[in-house]
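**Student:** Encoded as structure tokens, here's the structure I'll be asking about.
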């Protein structure tokens, strides 16, 4: 009897697993909206792992620049990957680029795609308008995902009729190098959608982690308050920014100090994230604005990209 029971349980478990697996969407065709650093990086890793990819942006000039950047990045990667075999390196680059096409008309390409990943500017109105439009043209099974790092996924998903097929896919820059992807599940995201996206991330060679639709998700929710607290420590005159950076590198083992990292990321980017959180929860002490950062942003001293932030760069 025990043997029969065990066999029955195994059979039911196996059938249940097979049924769940059958429900998941195998993502083969990917449409990436936004040809900036993040969008181009996502398109690159998807194409390099055997997916058919369409990269979409507003103009052919932007797309040409994006594709050139992808090609250069692929050549660098191939040179390291195939150090003893230049022919294999060339074939890798050629094969990847053959899987990647571009378009300026998102509506015309989403009808046959399995996944749409949005990586445009951090503006809720623009994201809502984009997804609302694409929702009318995309296939029934198509999953929508946003790469936002600061906006709530639920607020973006609500612009569509497919909240159950909507989630967050937060990649990290530079996408080809960074292994982590945060998969954000809203209260409406179906388990089928979530599992399909987790599997997709794994096919990219990434390590997916799951998080609810909370401000900042995991990494930014921990990282941004740390960066702002470093600024406050400096604002109070407790320590110089140089000593704070040195302490965190030598004492905590961080590769960059908080002020170095702020300048690298861009002060405008950090301010945008913090302002959004402060608007959502104005009483939270972790989300209070930073006067010195606001002052630097007002002066257009945004970090390395402008030549000056908390530090000056040649």
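Each Cβ is built from the backbone N, Cα and C atoms, and glycine gets one as well.
Quick caveat, the model's predicted, so the values are computed rather than measured.
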**Student:** Which single residue out of 173, 284 does Swiss-Prot record at the NAD(+) site shared with 34, 35, 36, 37, 38, 39, 57, 122, 127, 149, 305?
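**Tutor:** Of 173, 284, 173 joins 34, 35, 36, 37, 38, 39, 57, 122, 127, 149, 305 in the NAD(+) site that Swiss-Prot records.
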**Student:** Work out the three-state DSSP category of residue 36 (NAD(+) binding site).
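**Tutor:** It is coil.
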**Student:** Using a 10 Å cut-off on Cβ-Cβ distances across all protein chains shown, tell me which of the modified residues (202, 312) has the largest neighbour count.
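**Tutor:** By the 10 Å Cβ neighbour count, 202 comes out on top.
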